[in-house]
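What TrEMBL says about this protein:
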type	residues	note
REGION	A:351-376	region 'Disordered'
TRANSMEM	A:21-37	transmembrane segment
TRANSMEM	A:49-67	transmembrane segment
TRANSMEM	A:98-117	transmembrane segment
TRANSMEM	A:124-143	transmembrane segment
TRANSMEM	A:181-202	transmembrane segment
TRANSMEM	A:231-252	transmembrane segment
TRANSMEM	A:258-277	transmembrane segment
TRANSMEM	A:284-305	transmembrane segment
TRANSMEM	A:317-342	transmembrane segment
Amino acid sequence: MVSLVAGVRRRLPASTLGRNLLLVLAALVVVVLLLELTDPFRNSQLATMSYYAIAAAGLTVLTGLNGQISLGHGALMAVGAYAMGLLLNTGVVPFPLAMLAAAAVTAVVGVVVGAAAARLHGPYLAGATLALAIGVPGLAIHFDGVFGGEQGLQISSPRPPDWFADVIYFLFANEAGSAKYFAYIGWLTLLAVLLLLSNLVASRYGRVWRAIRDDEVAAELAGVPLGRLRVLAFVVSAACAGLAGAVLGIVVRLAAPSGFTIVLSLSLLTAVVVGGLGSLGGALLGSALLVFLPPAVTGLGMQAGLTGVQAAQLAPLAYGVVLVTVMLLAPGGAMGIARALWHARPRRRFAQQPANTHRMDEEPSTTDATEPGGRT
Amino acid sequence: MNKHIGRRDLLRAGGWGLAAATAGSLFGACGAGGRPGGSSEVGITGNTVKIGAHFPLTGVAAPGYSDIPTGTKAYFDYVNAHGGVNGRKIEYIFRDDAYNPSNTSQVVNELVLQDQVFAIVGGLGTAPHSAVLDFLNSEGVPDLFVSSGSLLWDQPKKNPYTFGWQPDYEVEGKIIGRYVHRNMPNARVGLFLQDDDFGDDGEKGARAYLGDQVVAAQRYVSGNTDVAPQIAALQAAGADLVLGFNVPSYTALSQLASLKLNYRPQWFYSNVGSDPALVGSLLSRFSKGEVSGASMLDGVITTEYLAGVEEADDPWVELWQQVWDAHGGEGELTNFRLYGMAEAYTFVQTLQAAGPDPTRDGLVAALEKVGAELQGPGLAPFRYSGDSHAGMAGVKVSRLAGNSTEKLSPVFVTDNGKAEITEYTGRNPGPPPNGIPSVEPVG
């Protein structure tokens, strides 16, 4: 097993971009197979997972790599979803353009919030972003003429075009309903985001972000403009959240304040922590847990003879238990365990490099990650 | 459908190049035959009918609302124990959406695509249900008796599969407005409104009759628990009758705020916000035990469209009690459970009307045809027809007194917009002896 892992590692391309491209292409094949081999309901679950994962990937870069905590990513998703809704409902903006615009709008909000956040640390930063999570849904209620108030803004999601149904039927002899179409939109977006983020993380910016996270004073002495780079991290993360909100808007077909409560922000944070702080793969795993765990637990509860209400109440409990267990037994999250396996053998090819660059990945800073608690 | 098959077959036969064709035949093997014929109706077998619903079973909206599906389930179990409908047992699956529209979309996907339910019955909440309105109608899934008084459910052209059930907030507002105008012509009315379509529709209905009797209108935003400013503004405007279109927790909050301000107007809460048991328990919780129970609501005026648990000798309530004792789980019969049972009763009627071999479209057609004549636990008739998917047409006004209610008006019925308000003269015949409706199938 270990020698196999080492063998695979030796054959990967040397350049980061090449390696990431290869990974994303492989992932694309897996995703297509997954979507075509599963039923429409699993497709719809995977669509849901894709928007959680996009947001979680952005958050893990911010919190895991740059050390800034955000309890406001749910609100940033709301910005993206509402922007998406308003653009799509005009009926003239094609949805890919609307998605980019939603990400851009959220990035602008990210500049403002990030500028404030860059001056704050620890609990103060958590508090400020928490205010965002509470405040933004309130705005949607206050300006109900534009945003539809409490009952929300209905979004006219794109219908699967004929060519899409034709291609799917031609290739796989499968029907292509809207659940599948949304899942493809979500996962293609997710893979693009993962490709961009993984390159960014491996680039100069990623290194500088980690440097700031690990020691601000040292980073500043080395000539790193702290403020600007922290804002940049926030903006990148916000753009991801906006894109996630846009996908959510398409999948849910509604943007309503009750969809973007503090629970959403906390769920994202728990996904990131359970998956492994600072790791994109971990964000993916954590989001899968968010989507697949509650129905699985509810199903088990029903089989065990609980009433429907009791079984439903079991899900948040199980979620909390998983979180506590991971924190106690594997603080590095699921990816921490995977990485321990990956690096189990002494390395030959990388022996010349200073071990530090890898060690940083392995030990994400958990100092800023206050326990977010279970889903309330 | 056939047109599409033809085109795709052509595409397939033509082929788009070797690689694609290879892939096509490879994967085609996995999915071939994936076009199921529509021989039998989804969710219906020879001896079962599967239906689903979404409710907040966890989270802030769960207290009270999570009782509704337990009532519905108890009544379906009762019907099943008596042989079901046309020999079919009703399988009822309800899932938790925590009142979050994103979750609603997930659980309704699960119900429709995974559990393959025949229909959705009684899904709760304006915002949560809005998220699945489009999906259910595009999939052709009957979406009956949404548990919300929004006007959104009555759009038969746009959403042909969706039906409301309870009186909508505008109709209720109109009846309340006229009652106050006729019986308390000198009252200075203050409006206490939830800042969404619930408050807006109610206000629109009430103002149609109250005109210049309204001295102030104050809105609260759901989630902000400090309503002292709004109550103080109503007090300052000299309102001596406060009309509330608000949810139960805000009934409790407004009562506590007015207690602090020593403000004692006549309170008039719309049906949604007036469940004495729930408000009572909320009051003692919010005040940390200083204010006890429902006694504070004595003398409060409200409206009703179903007999409540406090009317223990009402024949319908007797039936519900009997059903709950035999098939309920833990806990007492509450007004929420009773609401769920009443919805279940209407569904059984609809299923009977759809005949021995119900289809999804047949169910909708049957409801449009006989819906307005259904006799059930509702005090007012439904407005269902080909042009209307609106629920009950009216309410009666009553006063809370201790553990019972005192009738103040007969049942009034009306419709949205300028429709006149008339007294409903039909008599409710009470439940059939065995507690199970017997509606003739429509031709």
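The backbone N, Cα and C atoms fix where each Cβ goes, glycine too.
Note that the coordinates shown come from a computational prediction; the quantities given were computed from them, not determined experimentally.
The recorded stretches the transmembrane segment (A:98-117) and the transmembrane segment (A:49-67) do not share 3+ CB pairs below 8 A when only pairs 6 or more apart in sequence are counted, and are therefore not in contact. Long-range contacts of the transmembrane segment (A:181-202) within its own chain (CB-CB distance under 8 A, at least 6 residues past either end) are made by residues 16-17, 20-21, 23-24, 27-28, 31, 35, 43-44, 46-47, 49-51, 53-54, 57-58, 61, 65, 95, 99, 157-160, 164, 236, 240, 243, 247, 250-251, 280, 284. Outside the transmembrane segment (A:124-143), and at least 6 residues removed from its termini, the chain residues within Cβ reach (under 8 Å) are 68-76, 78-79, 82, 113, 116-117, 149-150, 153, 255-258, 260-262, 265, 368, 370.
Stretch with the largest number of CB pairs closer than 8 A to the transmembrane segment (A:231-252), among A:21-37, A:49-67, A:258-277, A:284-305: A:49-67.
Same-chain residues lying 6 or more positions outside the transmembrane segment (A:284-305) and placing a CB less than 8 Å from one of its CB atoms are 45-46, 48-49, 52-53, 56-57, 194, 267, 270-276, 311-312, 314-316, 318-319, 322, 333-335.
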